[in-house]
Amino acid sequence: MVTASESWPQLLEQLLVGNVLSKENAAALMEAWLAEELTPVQTGAFLAAFRARDVQGSELAAMAEVLRKACALPDAKPNLGLVDTCGTGGDGADTFNISTAVAFTAAACGAHVAKHGNRSASGKVGSADVLEGLGLHLKAPLESVLGALPASGVTFLFAPAWHPALVNLAPLRRSLGVRTVFNLLGPLVNPLTPEAQVLGVAKAELLDPMAEALQQLGLTRAVVVHGAGGLDEASLEGPNEVRILENGNVRSDQLSASDFGLTLAPLEALRGGDLVTNQQILEAVLKGEAPDAHRDAVALNTALVLWAAGVQSDLSEGVKQALTSLEEGQPWHRLVSLRDALEGRKEE
């Protein structure tokens, strides 16, 4: 294990030649980052080295464990069988906020959703951006964040509010101008440590390491999905590659919208826009007033969440339940309920 500053060059050399860090060294590196023991040059070099080779699930899990322990949330967490819908972003597809719509739809179908999110990563508008635009208080007190779950079935955790230790790294990450290992860690460090998760990845080569990381972090059920057309959600365009974690084992599969009676559609049909446009799309989807492609994309991804959360054992039934909920506008009531619980803007 790395114990002294003079050992960091040797650790960097391991990464540069393609070696996998031990769990102990990966954890020590994260602890050093959080303690600001590394210079900006050293940190930049490590981030670039991780970018230059495929990161491993064991490395991600070890670093995520450190971040989870460092978060600002007390150990007391609700025992509700939580599920998260946070993904890596980075697909550059500029779709509307699908996973955000899924969070409220899944809640309306009976799941307890702890949505962990941030501002924009892949699109022009991140989950935090669009929810703030619709009146949610992103930095609500802990009692409000937790208190929303029993009544609303959903809560939102704004990542920077619960991971203050990462604030000092933010300027350097931005200055690098490229995505780093921290973009992969974000979906793994939900402060409420949900038992289940649906995690979208923008690149197929991330399916296995992210599934391995979730497995090592002890999740009960999870789905890691890489959508047709390069989407970090299940797509309507064609076959979607998935890794399914269940009973401690990971298996590979494919699923398509057409498997569930949904109409195939190109990515263009799911395009979003600026903040106002994405707010309008999200509101329309949740109220049951959206185009079929928007509705179907949300229903397909919601079915994965309902399976992971144990609400539905059959994906086809999950799609049907989600479609019914969307058509009745039930998810919008969940957003309004959460907005009120987080002491945001009241419905006029």
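Glycine is treated like the rest: Cβ placed from N, Cα and C.
Note that the structure is a prediction, hence the values are computed from the model and not measured.
There are 20 other Cβ atoms within 10 Å of the Cβ belonging to N118 (anthranilate 1 binding site). The anthranilate 1 binding site annotation in Swiss-Prot covers G87, N118, and the record cites sequence analysis as its basis.
According to Swiss-Prot, the 5-phospho-alpha-D-ribose 1-diphosphate binding site annotation covers G87, 90-91, T95, 97-100, 115-123, S127, on the basis of sequence analysis. Secondary structure from DSSP puts G87 (anthranilate 1 binding site) in coil. With a 10 A radius on its CB, G87 (anthranilate 1 binding site) counts 29 other CB atoms from all the protein chains.
Summarising the annotation, Swiss-Prot assigns Mg(2+) 1 binding site to S99, E233. Residue density at E233 (Mg(2+) 1 binding site): 27 other Cβ atoms are found within 10 A of its Cβ, drawing on all protein chains shown. Look at E233 (Mg(2+) 1 binding site): DSSP puts it in coil.
Feature annotation from Swiss-Prot assigns anthranilate 2 binding site to R173; the stated evidence is sequence analysis. The Cβ of R173 (anthranilate 2 binding site) has 18 neighbouring Cβ atoms from other residues within 10 Å, across all protein chains displayed.
What Swiss-Prot lists as Mg(2+) 2 binding site is D232, E233, and the listing cites sequence analysis.
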| message | Which one is it: of the binding-site residues H116, R119, which Cβ has the fewest other Cβ atoms within 10 Å in this structure? | response | R119
